[in-house]
């Protein structure tokens, strides 16, 4: 019986078995990798013997996790999968598996840094083979390339993806930033998103959220996602890398920072000069892209950032003219710190220049991530394959070394975007409401202060009002510059009743008359309320006593606490004796002289009346004697 034998070693990055061999594609990295039988999940070929030798750095150990183990229903002596500690003749068996559809949930761990994996299969009718991943034991959260987003119910979690998950045949749906359908394999989606590389694997942080009705199909990092329909949940990835645009599309990089190997130009039959110049190489810029004059592998487009940048991704497209459907299918990337010494970009654990997957048509965008990132001032794009002729537009992403730029799509997961979309309007509304509330409170307080002011008198009336109010205040509270003291015993009559004299006196012993402009009477006012003119009254003034037109009495006697509520009349001393206190009056310049009671024509004062209108003087009333005035000399 003839057996097909294949051996892979850790220093070989990808093992590709000969045609007809049952050993599937495998990636053996120094810290993680994947191994598989051929054609899984379909039935694996018969008559196969495969062996892999894995070595990790000294002092470390290896553990394995199975995604698929279905070796058929034949004899376990000739159909099995074995794991050994060590390599060569000194290896010792760790575990042996055989049979149909084995479930191995636990991690299988080695005792040292070297392991041998053996797979043997003879004639069998069923069995899909095996698919496993491995890593060093530090990565306790190792998963397989077949684990899906729906396998983990947590809202956010971290896992470790092994290298080589593009060996999986599983499909993904979705893209960044919208997210991936929950049925997509996590590690394949992580490669598509640029969260990890296929060559090295790595740690991923996953965020789950509510699904969307439609998932887009895009090409990125050699992975083509498919269109997906509505799902209950989706997932996205978080990274802490820098992935902001570096200025080609926005114009931050000017034309003088672009260099090209050559430019294609030509004249139309109408005499128009058409140039496919370097300025057209900006992504999303309308018009013709850059195209070199000859289309060969020596052509390039160069970007000078003028200082060192950390470059993490590139997006390319071809011509957007349907009459010129040109685009680049594949390209290499070179970089330099000084513009003289150039290096081809290579993946981790690889000694070969990386050929990047380009566009599949002339209009769709294709993204490739640099893992690890490039740190350089100069970057060159060197097309290696194209459709009809080279035509290229691009944008580069990254940041300044040591810093973090604007996050690219994988940085802001969809829940973060949704949360910001909700919080920003809410914050604006709350801030606006707070400002309006403060404004209303300030307005209310100002209005309240105005209402509590001096009778809310208009500005233009306050001077007159204050002068009128001064007569109610004691002399010590008045400004002397506004007062005129009369020392003469002569008291004059006012020419009219419209102007109220200002008073300068010692603290008043009696109630003061009402002043102009103040119409409200206090609870214990000594003045009779204005109830209309009484019979015989000729002047309905605020004083409750008829006053002859040639006499003006500015004072009224205060009422006793239990007496009548009407003003007390003032009694004139007919002997012209001086009162005990001389009151000085401030008034207009035209003064009228007091007259003798004999000239006044009878009694001009009344006494308090009872309810029947009869005079009822009380014996305890004390009447003020007004100051008499000497008779005016005849002249």
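Cβ atoms here come from the backbone N, Cα and C positions, even for glycine.
These numbers come from a predicted model, not from an experiment.
Look at TrEMBL and you will find 609-627 tagged as compositional bias 'Polar residues'.
Counted within 10 Å of its Cβ, the other Cβ atoms near residue 23 (disulfide bond) come to 27, all protein chains included. The disulfide bond annotation in TrEMBL covers 23-50.
Per TrEMBL, domain 'CUB' is recorded for 23-137.
According to TrEMBL, the feature domain 'LCCL' maps to 139-235. Note on the domain 'LCCL' (139-235): mean pLDDT across this stretch is 94.
The domain 'F5/8 type C' annotation in TrEMBL covers 242-399.
Residues or ranges marked as region 'Disordered' in TrEMBL: 597-635.
Residues or ranges marked as transmembrane segment in TrEMBL: 417-442.
Residue 50 (disulfide bond) is surrounded by 28 other CB atoms, counting those within 10 A of its CB over all protein chains shown.
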